[in-house]
Structures are given as C-alpha cells and as structure tokens.
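Lifted from Swiss-Prot, the feature list:
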- 24-195: domain 'EngB-type G' (DOMAIN)
- 32-39, 59-63, 77-80, 144-147, 176-178: GTP binding site (BINDING)
- Ser39, Thr61: Mg(2+) binding site (BINDING)
Amino acid sequence: MTINTNNLTITISAASKKQYPENDWPEIALAGRSNVGKSSFINTLLNRKNFARTSGQPGKTQLLNFYNIDDQLHFVDVPGYGYARVSKKEREKWGKMIEEYLTTRENLKAVVSLVDIRHEPSEDDLMMYEFLKYYHIPVILVATKADKVPRGKWNKHESIIKKAMKFDSTDDFIIFSSTDKTGFEEAWEAILRYL
C-alpha cells in the first residue's frame, strides 16, 4: 500500500459509536498518557507541523479524532489518559468512550501505544497495554522523546520499559523522536504491516 501523506483531512471528532465514519478503511489508533508526544508523533509521521494540534495543556484531546490519510486509512487519536486536572467523572466518560471504540470497532487493525522513554511506564500505561493484550488487539509500542536521552542509554531504558510492561516480544517496539525523526521508517513499516 502506498500512502500519500500530503492528502490529509480530519474526518470527524467522535464522542460515540454512532459518530464513527461509515467507510471500511483500516484504522490505527494512537493512545498514550497526556503529554507523551502523541500529536508530535502523528505530525512527524505525516510530515506536517500542526495537523494534529500539539498542546502544552495536557488533556486537550477529549474526543476520538479520526484523521483521513489519503482516503485509504484513518489514524484515530484517542484522548490522553492519566491527566489529573480532569474530573473523575470526565475521566470515566473518556474511559468508556475509549473502551467502546477499542473493543467494538472492526476497522481497528492495531494500536500505537506511546510511552515516554525517560520514565518508567505509569500505572495507566501498564493498564492500557494489559487491556490491549487481553482483547488480542495488536500493539506497536513506541517509546517517544528519544532525543532527550543519550543514545548510549537507549537500551537500558528500553529494558526498563519492556520489563515493567511484561512486553510481548511478538509486538513491535520502536524508539522514536519527533525532533530528529528517529524511528520514522520503523513506525511506518510497523503500521503498514497491519493494513
């Protein structure tokens, strides 16, 4: 499959199942903690500066944003989890919305689960990974912000993340930086394998 990343539009921001796009294009969901670099990851893969809005304010994405890529594929930006300044009720609402999408959407081919390479995975990161494994949803685990860690320490950080998450070696693990595009090719290769 050849994808022209210049042909991009936002299809819809959906709050529930009835708003999901009705076509049968494959979908790749992107999930991670607030401020893990999800928007930067999307923008880097699509060679755009501000297609997915980056924000210094965590918790900005509150709906499922469906990005149409070349009329062939949707990236689905999932609300960032683990953000404290959102009410418990709001977090529960997001949780239900995310769970409904991940467990019922037939178009979903894989989830890019993003973690920050600098830190041990959070409780939320572990829960998301376990959830995806439980439902047999293919996972591409992406460790972001690699430019913030000396290259010589990448292996150590990778080991810490994999151990904490009880990483399944059949999943992809990609070290990524939106600053210098480390992992750009590997990320696209992993995504295209699921389409």
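Keep in mind that glycine also has a Cβ here, set from the backbone N, Cα and C atoms.
What you are looking at is a predicted structure, and each value in this text was computed from that prediction instead of being measured.
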**Request:** Return the residue, from the listed binding-site residues Lys38, Lys145, with the maximum count of other C-beta atoms within 10 angstroms of its C-beta.
**Result:** Lys38
**Asked** How big is the Cα-to-Cα gap, in Å, between Pro79 (GTP binding site) and Ser39 (Mg(2+) binding site)?
**Response** 11
**Message:** I'm trying to understand the geometry here, so how far is the Cα atom of Leu63 (GTP binding site) from the Cα atom of Ser39 (Mg(2+) binding site), in Å to the nearest whole number?
**Reply:** 14
**Message:** Just to be sure I understand the packing, how many Cβ atoms besides its own are within 10 Å of the Cβ of Gly32 (GTP binding site)?
**Reply:** 24
**Request:** Could you tell me which three-state DSSP class Gly32 (GTP binding site) falls into?
**Result:** strand
